[in-house]
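Colleague: Starting off with a structure, shown below.
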Protein chains: 2
Amino acid sequence: MAKDKAPRRPRAESPKGFRDYFGAEVTERKAMLDAIAEVYHRYGFDPLETSAVETVGALGKFLPDIDRPNEGVFAWQEDAEGDKPGDWLALRYDLTAPLARVAAQYRNDIPSPYRRYAMGPVWRNEKPGPGRFRQFYQCDADTVGSGSVAADAEICAMLADTLEAVGIPRGDYIVRVNNRKVLNGVMEVAGVLDPTDPERFFAERGIVLRAIDKLDRLGTDGVRALLGEGRKDESGDFTKGAGLSPDQAEVVMGFMSAKRETGAATVARLHELAGGSAIGLEGVQELEMISELLAAQGYGPDRVEIDPSVVRGLGYYTGPVFEAELTFEILDEKGRKRQFGSVAGGGRYDDLVKRFTGQSVPATGVSIGVDRLLAALQAKGRAGDASAGPVVVTVMDRERMADYLAMAGDLRRAGIRAEVYLGNPKNFGNQLKYADKRGSPVAVIQGGDEAGRGTVVLKDLILGARIAEGASLEEWKARPAQQEVPRADLVAAVRAMLEQG
Amino acid sequence: MAKDKAPRRPRAESPKGFRDYFGAEVTERKAMLDAIAEVYHRYGFDPLETSAVETVGALGKFLPDIDRPNEGVFAWQEDAEGDKPGDWLALRYDLTAPLARVAAQYRNDIPSPYRRYAMGPVWRNEKPGPGRFRQFYQCDADTVGSGSVAADAEICAMLADTLEAVGIPRGDYIVRVNNRKVLNGVMEVAGVLDPTDPERFFAERGIVLRAIDKLDRLGTDGVRALLGEGRKDESGDFTKGAGLSPDQAEVVMGFMSAKRETGAATVARLHELAGGSAIGLEGVQELEMISELLAAQGYGPDRVEIDPSVVRGLGYYTGPVFEAELTFEILDEKGRKRQFGSVAGGGRYDDLVKRFTGQSVPATGVSIGVDRLLAALQAKGRAGDASAGPVVVTVMDRERMADYLAMAGDLRRAGIRAEVYLGNPKNFGNQLKYADKRGSPVAVIQGGDEAGRGTVVLKDLILGARIAEGASLEEWKARPAQQEVPRADLVAAVRAMLEQG
């Protein structure tokens, strides 16, 4: 073996699929989360913060089989204690699984119904792709322990209020509501659900649910094929269908296109389609009630509407299903106009706690895709400008560092963000380059001459940005690039420059 | 095999050493982090949010050896890709290691000096104990790329401002500063550091550093023993000492007790002790300069002082070392008075990026122990009351849910936290119990009679709490337990009750 092998240096890289967030990326997201939390709080929801780590058993969906339970989650086994093998632990993959655990663990302590909100990162052990990361934020609000449709209506109203609070104006979004029970009714009418024998047609219903979920991707012809005999994709692979007759398939297809001009007309159409089934009728009535409760509070179809074409999550939820879509157009990476699309979704899932306690507990909730919503705000240019750089006090004379620190201190005490240049002060150009990199609006300069006169020079760095943005020559002339002011007027003069900017 | 084995239910438990935070626990911490971030921001520090997950190689301290690198960190190996074994990943154990990685990875993009702050959870794979959790918050500010003592002075001033911003008044805290270079000088004078041969006495210096670090626990006699021949503990175990003669040991002990009445006197004493060594002299001069820079900005010894008895971290840092202590007394769990102690610490560490790039980059920073600081504020009763419960609109008549939702909506639009009771409304007593559990200040009640009269009844629930706290009979009498007001006056009447509360 080589004796003096140089130690290998580690790569300075974040792990594949993870990224770092700098400056305004952090503050803009925080501002959005704060605005959301404020609305949730006003609705009576309480914050809950669980740890990032859960036992794999509590997470549920991903049980350890032979080797390790790493399908979709980041998981590891704790060290054994004596004979007892260590627990498998994992990073949470959403905020709902920890809520289920908490609702079971503290069922005697939490209020019932329990309204809680949670915001924070979740982790997915998936192949990363462009714009797809393995850690991302979720922001959820759920009501556990209420079976009332008023709880569903409340979530819809809160979702609308939340979107407006973060800066999406009314008209630029729509909360769409559908109901899994109506689909069940439709399946009963279509003959693939037998209320007297719930196990019958189980496989067929699975194919129907998966087919519906692919509406966006396959279009109506593709879904129709999957409802019938099956579908051959472009590669020639064949996916077996649910085996519905054309008439049966038509009932299911009719459900997804049941939306009419008004909510009342849509309800009437759904009644036609699914009213013959008890569960279907229940679903239609729930949609009607949600609609009425919301209308009574002024949440009309300009904000919340019944839309049976909402199919995402119908396989997962057990009652009402919600989706919030942004309706304005943005330009995609190829410059084509497209609608921004979905930023939040949720619904009712009544078996949340059952796996832990055996008892069914009704629950309903919504999850906001924080990063997508933030991207939408940025696309509309509505994200807050939380990124203003600090005033930079430059260092002309290393011996007078205390004076420069005092200037920054005075500015800060007046609430102005400020800092002293702390790199090597020899090259003054580097100091101005630094100020530029920091997005600094003003540089403060005091050499020996100014110190002797008791003054400071303020260099306007906003102006440079303005000129780059195309300020007129007049504006440029009317605005001195720099000015010398008495040291005692430092704070007032800087404030005036910031206000002008 | 048994055919109908019932599926085993998972335990609804958070993993050992992890905990959940509810309601005010979340909002109080958030309020504190917001206040800290505001100060950091004003000082020109920019937020940085790295992911929870790093490669074990980048984390550094814990390299994979034979099996798995789980000493102190939570780590796991990614799946192999073909022949290539998967990377070892781990949860970050502090916020400094990710900063080092970022400072190396983005060295051409970030400003230099780079002031950044970071706040968030870190994870330690350690045996949990009472009050010791395996996930906890840290809140760091660091300046990377400045070797100037002005950067150290700035951190000290910012730390003082931060403590005051979160609610620790001047006089209740002290930022203490020491310097590793002075200790090096002391070791040179004591004869266990040879500037011409840095490797010599390496083992002895290690023992000296470890001994000093145990001052709190072992007292001066214990440290003196470890500096000399060694020390036998209560169990009879013997720890080998550094082998210093009594005279040599006295020099080291003198360092730790060098604090005098004034900063100038302390500096003079340190000069006596370590001024004979070049590195020691440098350290003394740094302490003097930090002191001067701070004094010039008004940070006198009532807020920041030179204190050579600060020994924590001297083994890790390379220059100035800081520690913030809360000086007020609290009662411990046994009712005894004791000082609250340390809530933040930091210092200069000039080899941050070197492991990645080979280049030395100076850095200095501080880490605030968020949970300890929060506990201190709670002990002083100074944590904000962010926990006010919502106004609860009770449900007397299930058919008029829309009316109740509208009441809550009116209150919310006026900025008042409010919710409708969404449990089973049959038992009205349960609704009031719920309101009580929620910490609700006011319950709104509207039965059929009130609805007919166009009124609502407001029940004062603050009063109940007041009586429990010992309100006088007069106060009780002067305050109606409930009042009936026109529905149109709901918002105004509730607001009046909240203001009275």
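Note that Cβ sites are derived from N, Cα and C of the backbone, with glycine treated the same way.
When I checked TrEMBL for this same protein, it listed these features:
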DOMAIN    A:1-390  domain 'Aminoacyl-transfer RNA synthetases class-II family profile'
BINDING   A:D94, A:L95, A:T96, A:R124, A:Q138, A:D142, A:R312, A:Y316, A:Y317  L-histidine binding site
Colleague: Are there any residues in the same chain, six or more apart in sequence, whose C-beta is under 8 angstroms from the C-beta of A:T96 (L-histidine binding site), and if so which?
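Modeller: Spatial neighbours, sequence-distant, of A:T96 (L-histidine binding site): A:D140, A:D142, A:Y349, A:L352, A:G365, A:S367.
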Colleague: Does A:Q138 (L-histidine binding site) have same-chain partners at least 6 apart in sequence with Cβ under 8 Å from its own Cβ, and which are they?
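Modeller: Looking at Cβ-Cβ distances below 8 Å from A:Q138 (L-histidine binding site), excluding near sequence neighbours, one finds A:D94, A:L95, A:A118, A:M119, A:G120, A:P121, A:V122, A:S367, A:I368, A:G369, A:V370.
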Colleague: For the domain 'Aminoacyl-transfer RNA synthetases class-II family profile' (A:1-390), provide the mean pLDDT of the predicted model.
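Modeller: The answer is 89, the mean pLDDT of the model over that range.
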Colleague: Considering all pairs of residues in A:D94, A:L95, A:T96, A:R124, A:Q138, A:D142, A:R312, A:Y316, A:Y317, annotated in the record as contacting L-histidine, what is the maximal C-alpha distance expressed in whole angstrom?
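Modeller: The two farthest binding residues have Cα atoms 22 Å apart.
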Colleague: Long-range same-chain neighbours of A:R312 (L-histidine binding site), Cβ under 8 Å, sequence gap at least 6?
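Modeller: Within the chain, A:R312 (L-histidine binding site) has Cβ neighbours under 8 Å at A:D213, A:V321, A:E323, A:S342, A:G345.
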Colleague: Below 8 Å Cβ to Cβ and six or more residues apart, same chain only. Which residues does that give for A:Y317 (L-histidine binding site)?
Modeller: A:R180, A:G346, A:G347, A:R348, A:Y349
Colleague: So, three-state DSSP: helix, strand or coil for A:D94 (L-histidine binding site)?
Modeller: coil
